[in-house]
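**Q** Sharing a structure with you now.
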Amino acid sequence: MLNFSDVTEFILLGLTSHKEWQVLFFFIFLMVYIITMVGNIGMIVLVKVSPQLRSAMYFFLSHLSFVDVWFSSNITPKMLENLLSETKTISYAGCLVQCFFFIALVHVEIFILAVMAFDRYMAIGNPLLYGSKMSRVVCMRLISFPYVYGFLTSLAATLWTYGLYFCGKIEINHFYCADPPLIKIACAGTFVKEYTMIVLAGINFTYSLTVVIISYLFILVAILRMHSAEGRRKAFSTCGSHLTAVVIFYGTLIFMYLRRPTEESVEQGKMVAVFYTTVIPMLNPLIYSLRNKDVKEAMHKVISRIRL
């Protein structure tokens, strides 16, 4: 029986064992990663340089893009390396670090999405007081919570991962170090890790999702009280991008982490993980830019300035 610290490396089995598919996946995910980096870094820069994007909504959006940059960078480069590598290994330290940042960034993102829902309620429910209620100081306090709480939660969860024991089997049926496949190959220390993973995921997803749902219930009431059809259309348009991001992100994570790890769930989770580790970070800036008039106008102005 080997402690986590006695294991020098793990073998990541990845998405497929077929060589031809590995090469194809390499180019697909490389392109997705490049688009993700360009889109999210572009969103951060756009919010920074555009005067019309100085409201709280875009401040939180820039932080969502910042998290997506790190979220994707924590997983994709190693996945790309292993797709072309014969060994497909990750060191035990690298595995722990990947676990730590993955759990931290997931929690940061779900609570940023909750904060963004609250911000939309303040903008639509109290438009006259929005500027004063959502001041820079308030925004800094609201955005601090996801980071502090997310990284503290991840520290505790990673320490429980460190307590797993392995009996020589070091092949992880995944393309990154995720908790469910690690629990599946461990031979001791799994009880505490498995149930703390489910409880923590359940509590945090439920709490953040409750904030989102309550915020949108109040938003719906505020919209129904509006007399202007144009005002209602604009309110629905503003919330549409955020709701799309919430449904996609929460749906995939709940499918992955609120079930006990089994061979079938780990295999299914691997396919779902592709979506939330690579595709969602790429989609977020597209969702918010294509459905948002202010962002599109800011992009046109920046492009016009560059051309001049």
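Backbone N, Cα and C define each Cβ position, glycine as well.
In case it's useful when we look at the structure, here is the feature table from TrEMBL:
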type	residues	note
DOMAIN	39-288	domain 'G-protein coupled receptors family 1 profile'
TRANSMEM	23-46	transmembrane segment
TRANSMEM	53-71	transmembrane segment
TRANSMEM	91-118	transmembrane segment
TRANSMEM	138-160	transmembrane segment
TRANSMEM	198-223	transmembrane segment
TRANSMEM	235-258	transmembrane segment
TRANSMEM	270-290	transmembrane segment
**Q** Is the number of Cβ-Cβ pairs under 8 Å between the transmembrane segment (91-118) and the transmembrane segment (270-290) three or more, considering only pairs separated by 6 or more positions?
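**A** Judged by the Cβ rule, the two regions do not touch, with the required three close pairs absent.
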**Q** Do the transmembrane segment (23-46) and the transmembrane segment (270-290) share at least 3 Cβ pairs under 8 Å, sequence separation 6 or more?
**A** yes
